[in-house]
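Peer 1: Not my notes, these are from TrEMBL:
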- B:60-189: domain 'TFIID subunit TAF5 NTD2' (DOMAIN)
- B:244-304: region 'Disordered' (REGION)
- B:248-270: compositional bias 'Basic and acidic residues' (COMPBIAS)
- B:288-303: compositional bias 'Polar residues' (COMPBIAS)
- B:348-381: repeat 'WD' (REPEAT)
- B:411-443: repeat 'WD' (REPEAT)
- B:453-494: repeat 'WD' (REPEAT)
- B:495-536: repeat 'WD' (REPEAT)
- B:537-578: repeat 'WD' (REPEAT)
- B:579-620: repeat 'WD' (REPEAT)
Amino acid sequence: MSIVPKETIEVIAQSIGITNLSPEAALMLAPDVEYRVREIMQEAIKCMRHSKRTTLTASDVDGALNLRNLEPIYGFGSGGPIRFRKAIGHRDLFYTDDREVDFKDVIEAPLPKAPLDTEIVCHWLAIEGVQPAIPENAPLEVIRAPAENQIYQQKDGPLIDIRLPVKHVLSKELQLYFQKIAELTLSKSNPSLFKEALVSLASDSGLHPLVPYFTNFIADEVSRGLNDFLLLFNLMHVVRSLLQNPHIHIEPYLHQLMPSVVTCLVSRKLGNRFADNHWDLRDFTANLVALICKRFGNTYITLQSRLTKTLVNALLDPKKALTQHYGAIQGLAALGHNVVRLLVLSNLEPYLSLLEPELDAEKQKNQMKSYEAWRVYGAILRAAGLCIHDRLKIFPTLPSPSPSFPSKGKGKVISTEPNKRKLGVDSSENRSPHKRLIATDGSDGGPSPMQVDRPTGDANPPQNSVRPSSSEQASDGNAPESRNAKEKDDSKGRAITRKAILDQIWKDDLDSGRLLVKLHQLYGDRILPFIPSTEMSLFL
Amino acid sequence: MDPEQVDEFVMGYLKKKGFNSAAKHLQESLHNNNGSTFSSIDYHNDPELNKLIRSFSQSENDPSRYREGYSKLRSWGYNSLDLYKHELVRVMYPVFIHCYMDLVGKGHTQEARSFFNSFRKDHEMVHLRDLQKLGGVLAPSHLQEMEFARSLRQSKINIKICQYSYDLLLQYLHRTESTLMLGIINEHINFQVYSGQPNSASDDIEAVTIVGSFHETADHVNQKEIHWGLLEDSLEDRLEKTGGLLSDSEKGQGESKAGDMDDSKKRSAEIGKQGSSIKKLKKDKAGTATTKVARQETSTVLSSMPRVKPELAMPVMSADVEESILEDLRNRVQLSSIAMPSVSFYTFVNTHNGLNSSSISHDGSLVAGGFSDSSIKVWDMAKIGQAGSCALQDENNQTVGLNGRRNYTLLVGHSGPVYSATFSPPGDYVLSSSADTTIRLWSTKLNANLVCYKGHNHAVWDAQFSPFGHYFASCSHDRTARIWSMDRMQPLRMMAGHLSDVDCVQWHPNCNYIATGSSDKTVRLWDVQTGECVRIFIGHRSMVLSLAMSPDGRYMASGDEDGTIMMWDLSTARCITPLMGHNSCVWTLSYSGEGSLLASGSADCTVKLWDVSSSTKLTKAEEKNGNSNRLRSLRTFPTKSTPVHALRFSRRNLLFAAGAISKPSS
């Protein structure tokens, strides 16, 4: 009948000294005891609510007893909720954990510290309806974006705006899709199918639930497969496809992706075979990094600064391998001219001096090393060249310093007549190679007609686009060397031409002028003696 | 059946029921007509009657009949037509609880318990809390003692039911001859039969709450007229005055304000005299009436609300306080569903589970906490903001602790847990209520106790200052709410009527009404002048914990233990819509200054913002096209692990929130 059995009543009766309680009386009392206990608990719950708590404590029961004018139960005033333990072997039997304490321990124990005093801490829970991401606030829910439109649709009904972390159940189809993609990425045997897969990754909607799995997969495989060049290349392709997919909200996972991507850019060794064209991979990854920065740089303000810091560190550490330097330079170059100007050009002089011994074929007997050094040299040269090219684009047509720029005009002032200027630059660029080459060739005394042909055809593309022209490099082993040489010619020639008209620029713009002079000093003077060796490396 | 036997049964029945005189009469007439053809009534041959009589005599005392009857009715109800099912199922609950109470009342404790346990699952979803209460009833005496049970026994429950469902039910009861169930239904249920299609299952919330005899009284009470308009000559009005003039001419601003100030001073002086203040006010009004019309043209939504006169003598407001309030109102940020407020959160740390209540002053600069160790602590956030620069300025010993400096003011005086501590509107007083049945008034300037108000017989759960200060309302475990003024030791009014503890109290913006929320799951509105209950709001399913009145005085929001917030229209006493979203106790509610947003704070560690402007604007349209227009949740701000105890929109519409951080239970 009642949940209080009559035996309990009998025990209680005995404990307070009533020995001759009749069983009938106990039977009658039992339901009443239960009722009274329930009554007390009802009042205790009220006390709990008014103490703005959701756990019932001993003090609430005391409060309830107090409300009924009863004596409180002594011995439970701990403040916190009482911890109950389950009696072993019984389903519904609990007892309070009341350990025996040795008196000696209590006496010998050091005095407890005074409890900390109550204080108030103030913070912004929200600013104009947006929760700032400060440590005082609960972390914002990550997986929220895809559900956004649904939220707006349902807005009418009562709903919870922020989803608590839920276990996502991946559908069978998605699991299968993920497996297939992973297989393709790992197998490398079927390039055409892999291409299809990339296209699907870049365009399919509904892949969002898989993003965490993909990021995990990429991170795992990159760390595991640093020796496997093809795998790395495949993985980077997957990253790019994921970035391209407009339906995927990849931003929250960037922090997981970035390390893998940067690894593929500046790792010491990518791939274990000689034939592995890891330069290609680095170029590709550099572009990827630039893409990420461009897309998420606005939302993650620290993204680019952190990235450049990593890269510059890699670049300036002389202990790092040349391959790492190459990756760092490519990464920085891909981030744009401003980055190059600020970070590479400022460090150019010491770096080149560092590179110099490696370049010297006489001193550096290891062919591989020398090759690597030249690659690095080419990369840094191109970065600088592109930077200066971009820089010079800002200027009006060089031969005619217009009166409209009397002050130390920078980009701002010049934006008044962009079209005209473009034209001017184009024409000057078109003209300058010829001039330049004639100048250099004159000094070298080489066969001029052939060389004139070359630059007019080739000198422009690397100037106009930042494309690392990986295809060009891959197609033919000699091409990179020739291109390096070309570029060197290029910038050297440009520098020389510039020198002729430098005075004019000086008058116009001191800052850029200084930069030019510096570049000229670095390249113009140092390149010239090396020209023969460049040609030598061409035959390697 | 043998006629003799029938007579015997009837005799037995009458005697058992104690109808002795009737039995005697029957016996006499039996004697008289012995052997004659008195059987003209023909009851001997009526099989229906036979069965009825047999069922009465046979097993009058058999407790298993209840179980049988109920389970039959139940299985019939659940297997009935879908369209009418919910109406029929609704009948089950009262039948169930009355079967149970009948069994208890007859002393079949064991059967009652097993009956209760086998069928309670059906009703737990809706009536969990009632069932928990009833579950403890095990003896006939408990039925008498427990108010809830008594009110259930004494009253009839109104159930709206459509004609067809009603017919179905009657048909069933007659066909199966379940007289017991029929008896219970007749005794305790009052059917309101309407013609047409049955209502959809969800739309009538009232159908699921059973509050004894409330409904009739509630319907009756809710007929009364109330004036929910704003107070005339409120500060908002004055702001519009100055504001209107401001837009008219920048130059004239200074003058007009000065004039305004003089005016109000004069007026307040008059109020101070009290005597015929209201009449004079009227005259005053008449004088300025023409200008007022012009002002109202430029005014906003609030001013279009009707104006009412205060029934209480309003306190004098000092000029500088008034000026600062006006300044605040002028600088108020307009909030809407697009323009969200900023929320500043005050987190109590190291409370050791002892913080019972907290409150924030109207400007957000002071924070008070009521603790279970009977103390009240008041923090001046402005000072804390300045950091330790004013380290030793306080000569007051109270503020200096052992380990350097305490940066709060400790107020000691109560002798029981402090359940509420609230600030007067200008922030110069703190009012606290405690389990020691007293209410205490403290001065924040002197850091001392000024008055101890004794009057309640039990723990005082809540006390709130009126919007203009001076008066305050309290509510208690003794089931009353009381109105006090600061200068009297005795309460001015006592509001009795709630069937259980009064848990929270809130003033109407025009000071003529207070609202109280109670453990009997209702909210009531009381007239301050007469002390009468003028509205009863039925619909909550658990104890009401928090109340808020919209600034225009037309709507009220109430939050309960389950996390439901209900928006009420004061004039009709109907729930506009329940706001679902919280999943634990709603401790606090607050309206933004112009009433477009409602903020709610809950034990589930979130602050939620609700758009309530759309409903208030579109009520007319809403009335036309039904209940389609729902209020919506705008934002949810989760805290790390801090249940939200208090919320306050400052006059400039900055939202302040407070709560004690709690260790997440592992």
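Using the three backbone atoms N, Cα and C, a Cβ is placed for every residue, glycine included.
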Peer 1: How about the repeat 'WD' (B:453-494) and the repeat 'WD' (B:411-443): at least 3 CB pairs under 8 Å, pairs 6 or more apart in sequence, or not?
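Peer 2: Answer yes: the repeat 'WD' (B:453-494) meets the repeat 'WD' (B:411-443) with 3 or more Cβ pairs below 8 Å.
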Peer 1: Can you tell me which parts of the same chain pack against the repeat 'WD' (B:495-536), counting only residues 6+ beyond its ends and a CB-CB cutoff under 8 A?
Peer 2: 147-148, 151, 209, 211-212, 214, 217-218, 221-222, 224, 226-231, 308, 310-312, 314, 461-468, 471, 473-477, 479-483, 542-553, 556, 558, 560, 568, 570, 573
Peer 1: The repeat 'WD' (B:348-381): mean pLDDT?
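Peer 2: Reported value for the repeat 'WD' (B:348-381) is a mean pLDDT of 91.
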Peer 1: Restricting to the same chain and to residues at least six past its boundaries, which positions have a Cβ under 8 Å from a Cβ of the repeat 'WD' (B:579-620)?
Peer 2: 300-302, 329, 332, 334-337, 340-341, 343, 545-552, 554-555, 557-567, 569, 629-649, 651-653, 655, 657, 659
Peer 1: Mind checking how the repeat 'WD' (B:537-578) divides into helix, strand and coil residues in DSSP?
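Peer 2: Across the repeat 'WD' (B:537-578), DSSP assigns the residues as follows: 0 helix, 24 strand, 18 coil.
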Peer 1: Counting each residue once, how many in the repeat 'WD' (B:495-536) are helix, strand and coil under DSSP?
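Peer 2: Helix/strand/coil tally for the repeat 'WD' (B:495-536): 0 helix, 24 strand, 18 coil.
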